[in-house]
Amino acid sequence: MLAEYWQIFVDDGIRLMIQHLRLVFVSVSTAIIIALPIGIILSRNFIKKHSEKLIFIFNIAQGLPSLAVIALVLPFLGVGFVPAVTALIIYALLPIIRNTIAGLNNIEPEIIEAARGMGMTPFEILYKVELPLALPIIIAGIQTAAVVTVGTAVVSNLIGAGGLGQMIFTGLAMFDRPKILLGSLLAAFIAIILDRSFELLGKKLK
């Protein structure tokens, strides 16, 4: 039995794991690049009162079933890697935006005033004071986004993006239990490793 699982892993598992990790890495990295500036802007005083409304919109987007999000991007982007990544980015945005806002808003006003009193510009305060202090909370948001993306990426196989979803759905179609189980275990393994890695990183930054 173990030999069968090993053979599946060697034949398909390694390749599909790499595809899955690529989907997750590209999606989460792009989400960070998009979400961090949005979170920073929404934490500023001039727009803070409207931030809850905008977060509500992102909540709706994340609340949509993954298949619905994929169906929405399908007519515009077709099938394959790009539409899958687009759908995964939508899912990854909210935790990072929300935690960026929370991290920046939780900084004591006295610290900001002290930095301002030292003659720092608003950009210097943000870059040298606010972001380093907010980083552990931001990392926690990235952690959530990464773990959610690992699970959601399984469904992206339905539009030809590959990944471990290919093994799981092939197993379901062929009633092949080893493929279903191995694909699920590998996805869970990736999620656990990412979760623990970001957790340790967050602790080191505190």
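Each residue's number is its place along the chain shown, starting with 1.
Using the three backbone atoms N, Cα and C, a Cβ is placed for every residue, glycine included.
These features come from TrEMBL:
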{"type": "DOMAIN", "residues": "17-198", "note": "domain 'ABC transmembrane type-1'"}
{"type": "TRANSMEM", "residues": "20-42", "note": "transmembrane segment"}
{"type": "TRANSMEM", "residues": "54-74", "note": "transmembrane segment"}
{"type": "TRANSMEM", "residues": "80-97", "note": "transmembrane segment"}
{"type": "TRANSMEM", "residues": "133-160", "note": "transmembrane segment"}
{"type": "TRANSMEM", "residues": "180-198", "note": "transmembrane segment"}
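Stretch with the largest number of CB pairs closer than 8 A to the transmembrane segment (180-198), among 20-42, 54-74, 80-97, 133-160: 133-160. Within its own chain, the transmembrane segment (133-160) has Cβ neighbours under 8 Å at 20, 23-24, 27-28, 31-32, 35-36, 39, 66-67, 70, 74, 79-80, 83-84, 87-88, 91-100, 102-104, 106-107, 111, 166, 168-169, 183, 187, 190-191, 194-195, 198-199, 201-202, 205-206, counting only residues six or more beyond its boundaries. Packing against the transmembrane segment (80-97) from elsewhere in the chain are residues 23-24, 26-28, 30-32, 34-36, 38-39, 42, 55, 58-59, 61-62, 66, 69-70, 72-74, 138, 141-142, 144-146, 148-149, 152-153, 156, 159-162: each is 6 or more residues past its ends and has a CB under 8 Å from a CB in it.
If you look at the transmembrane segment (54-74), the same-chain residues 6 or more away from its ends with a CB under 8 A from one of its CBs are 42, 83-84, 86-87, 90-91, 93-94, 97-98, 101, 152, 155-156, 158-159.
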